[in-house]
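Student: Here's a structure for you.
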């Protein structure tokens with residue numbers, strides 16, 4: 001050991017030296033009264049619950065990308081039957097590209113959530129705009145589902161940023 | 001132990017000396033993350049700003065689809081709106097953005113090689129895209145048709161298809177957007193997100209095969225060289241070659257020579 005330590009912090013398990021009054025990783029009152037220490041730990045617990053709910057929001061947002069991919073695949077089967085013969089190949093290619101793109105973004109959201117969620121959200125919104133230009137009534141088809149998906153994605157993006165901040169505060173990883 | 005971890009700073013609350021790596025003061029327990037908090041709030045603001053800018057871009061591009069009769073006037077009007085918004089957003093954060101307008105380590109050799117590689121790639125891509133459009137989609141795309149009637153149609157086409165995107169798209173995507181994204185995410189993710197947005201704004205799903213890698217390359221170039229100018233030149237010559245081949249198709253050139 002390079003630095004003289006006598007123990008590890010009760011809250012974040014970081015090593016501390018005997019002269020420290022507070023843990024320098026998480027602010028735990030090392031020399032405080034038991035009440036102070038209990039109060040600190042309970043506050044920390046609340047934040048840890050917040051963190052896990054944020055991670056849950058990120059996970060849900062990532063899953064909604066898989067949902068979009070699935071819906072693209074299903075809806076393309078219906079659309080392909082209705083379009084004219086000469087447009088069929090371009091519609092098919094566009095749908096395959098979209099399906100693969102959303103599937104890829106869904107997997108990417110596990111390792112790089114910010115990039116995957118922002119790309120997924122903008123791609124999804126653009127598709128809605130393009131459909132609306134083609135036929136304005138498409139905005140209203142499945143509008144509840146669309147709003148839910150967009151809501152999950154926006155919530156997910158915010159949760160990634162909030163979770164990063166909270167992790168720093170709690171001295172986790 | 002890292003060497004930098006052993007340098008000292010003063011606690012923001014009790015002014016005692018503490019390690020630079022400390023997240024909390026070990027004398028008074030005060031959090032040292034206040035500056036981080038500021039940064040964190042700015043992150044969400046940055047993302048909202050990016051979203052606003054991108055919405056303007058999308059609206060401009062989408063309205064060209066909504067207008068029945070596309071003529072030169074609407075084309076230039078929308079181009080002007082996008083150029084002004086790019087300059088306005090870029091200039092709004094001038095202090096942090098001006099650094100990428102500099103050209104450190106200018107290398108003529110590197111630029112020449114890049115331009116040659118760009119022209120060759122553009123020829124191959126244009127050839128493939130034309131065949132894809134003709135054989136698969138039964139469409140013959142020509143940029144020139146909208147400029148055809150004009151006396152200086154060719155020069156107008158070069159200006160609005162090569163010069164304009166090279167300067168203003170680079171300023172918007174590799175300049176403003178990437179600089180803002182770098183305050184939120186790391187370099188890799190910034191390159192990735194800006195490329196996706198760049199691909200989306202072109203409103204063409206088929207172009208993913210070449211537009212997305214092209215955008216990734218431009219983003220990589222911007223991060224690696226810390227300037228947008230290499231990107232501007234690459235983008236300009238890429239589009240210029242495509243325009244040139246639109247006017248003089250490869251088949252015709254081949255017949256002329258042999």
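Each residue, glycine too, has its Cβ placed from N, Cα and C.
Keep in mind that TrEMBL annotations are predicted by a computer and have not been checked by a curator.
I grabbed these lines from TrEMBL:
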- B:50-67: transmembrane segment (TRANSMEM)
- B:73-95: transmembrane segment (TRANSMEM)
- B:107-132: transmembrane segment (TRANSMEM)
- B:152-169: transmembrane segment (TRANSMEM)
- B:155-240: domain 'CAAX prenyl protease 2/Lysostaphin resistance protein A-like' (DOMAIN)
- B:190-216: transmembrane segment (TRANSMEM)
- B:228-248: transmembrane segment (TRANSMEM)
Student: Please list, for the domain 'CAAX prenyl protease 2/Lysostaphin resistance protein A-like' (B:155-240), how many residues fall into helix, strand and coil according to DSSP.
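Tutor: Counting residues by DSSP class gives 76 helix, 0 strand, 10 coil.
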Student: Using a Cβ distance cut-off of under 8 Å, indicate which of B:73-95, B:107-132, B:190-216 has the most pairs with the transmembrane segment (B:152-169).
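Tutor: Looking only at B:73-95, B:107-132, B:190-216, the most contacts with the transmembrane segment (B:152-169) come from B:73-95.
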Student: Residues sitting near the transmembrane segment (B:190-216): Cβ under 8 Å, six or more positions beyond its termini, same chain?
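Tutor: Distant Cβ neighbours of the transmembrane segment (B:190-216) are 54, 57-58, 61-62, 65, 125, 128-129, 132, 137, 169, 173-174, 177-178, 181-182, 184, 222-223, 238.
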Student: Six or more residues out from either end of the transmembrane segment (B:228-248), which same-chain residues have a Cβ under 8 Å from its Cβ atoms?
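Tutor: Counting only partners 6 or more residues beyond its ends, the transmembrane segment (B:228-248) has Cβ contacts under 8 Å with 100-101, 103, 110-111, 114-115, 118-119, 121-123, 125-127, 142-144, 154, 157-158, 161-163, 165-167, 169-171, 174-175, 214, 217-218, 221-222.
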